[in-house]
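Undergrad: Structure provided below as structure tokens; questions to follow.
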Amino acid sequence: MERIPSAQPPPACLPKAPGLEHGDLPGMYPAHMYQVYKSRRGIKRSEDSKETYKLPHRLIEKKRRDRINECIAQLKDLLPEHLKLTTLGHLEKAVVLELTLKHVKALTNLIDQQQQKIIALQSGLQAGELSGRNVETGQEMFCSGFQTCAREVLQYLAKHENTRDLKSSQLVTHLHRVVSELLQGGTSRKSSDPAPKVMDFKEKPSSPAKGSEGPGKNCVPVIQRTFAHSSGEQSGSDTDTDSGYGGESEKGDLRSEQLCFKSDHGRRFTMGERIGAIKQESEEPPTKKNRMQLSDDEGHFTSSDLISSPFLGPHPHQPPFCLPFYLIPPSATAYLPMLEKCWYPTSVPVLYPGLNASAAALSSFMNPDKISAPLLMPQRLPSPLPAHPSVDSSVLLQALKPIPPLNLETKD
């Protein structure tokens, strides 16, 4: 049987084979095992690094969610109440975000509108500056509007002053009509502007009329009464005198006064001119009144007026009946010096409430010669001087001489 050399051990003569080393045993090589161990450690290290990465990522995500929740809570607090009431129950995060978006859009639209208005105003101001209008002109126009309104209101109220059923709606309607006329540029208001002037003229004659009563009463009624009595109503007796009323106080006696009145009746035109000149001289009443003032109605009395007069009956609240001076007889002229010093503000009372208003009394009253002196003496005015019933008419003329005439030329 043949030997298989590979199976047989080597011969002895052959060199000794080196010994086995650790590197000759691949299965038992520690480097291989080291490499295997080393790979496991790398795997562990990679797993640890992944775990360490996941831990901060979780923290970051948690913080991010916390910030989102905090912002949503603040938006929920900042939302208007009318938006919160649109939803019922608890507001979810998505609902809060939707409401916030809606509110922001509304605010954006409002801001855009305001911006457009601001731009329009700026463009208008620039156009106004280019046209030449300034602030002062605007202020004047503003004030003139109020003044025009106040003037129209005053004119309307003055025009309808006597109207009792005046309503505010009528005034407002009038103001609207005036505004429409002003806007249309109508010139019809120019014709209505003189309306207050006409009303002023209507109101003004009342005050000058009062002022002209003084000179009118001083001049006109005296001449008219003198002419009326000189035309034929005088009885021709010594009692029909004017006592210096018509500027005839410088005559010699009572006869000459009557003749002068008759002669003056012939030249009434010239006397009328003089009276007109006196009236036009000054419309204000004189500061000092030296004569009693009687109107035309007080100078003429008829028997029917005297009978129907309420002054003849006794009444405590009515003034006594008064007579002018030219009806006083010479026997009662003793009281004229007293009347010269303290003039009574009205006519001298000669009849009293206790006097019987009968026809006989009136007939005797119209004939002053038959009336006794004590009946004509005023009881309400105590006499500071003693009575002289026997004084002649010359004493009366002497007492009336210092009184200046009423700016009338006397006949030479």
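Cβ coordinates are placed from backbone N, Cα and C, and glycine is handled just like the others.
Annotations for this protein, taken from Swiss-Prot, read as follows:
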COMPBIAS  248-259  compositional bias 'Basic and acidic residues'
CROSSLNK  Lys167  SUMO2 cross-link
CROSSLNK  Lys279  SUMO2 cross-link
CROSSLNK  Lys288  SUMO2 cross-link
DOMAIN    52-107  domain 'bHLH'
DOMAIN    142-175  domain 'Orange'
REGION    183-259  region 'Disordered'
REGION    275-309  region 'Disordered'
Undergrad: Under 8 Å Cβ-Cβ from Lys167 (SUMO2 cross-link), six or more apart in the same chain: what's there?
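TA: Result: none.
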Undergrad: Suppose you look only at the domain 'bHLH' (52-107); what would the mean pLDDT be?
TA: 89
Undergrad: Translate the DSSP assignment of Lys167 (SUMO2 cross-link) into the three-state scheme.
TA: coil
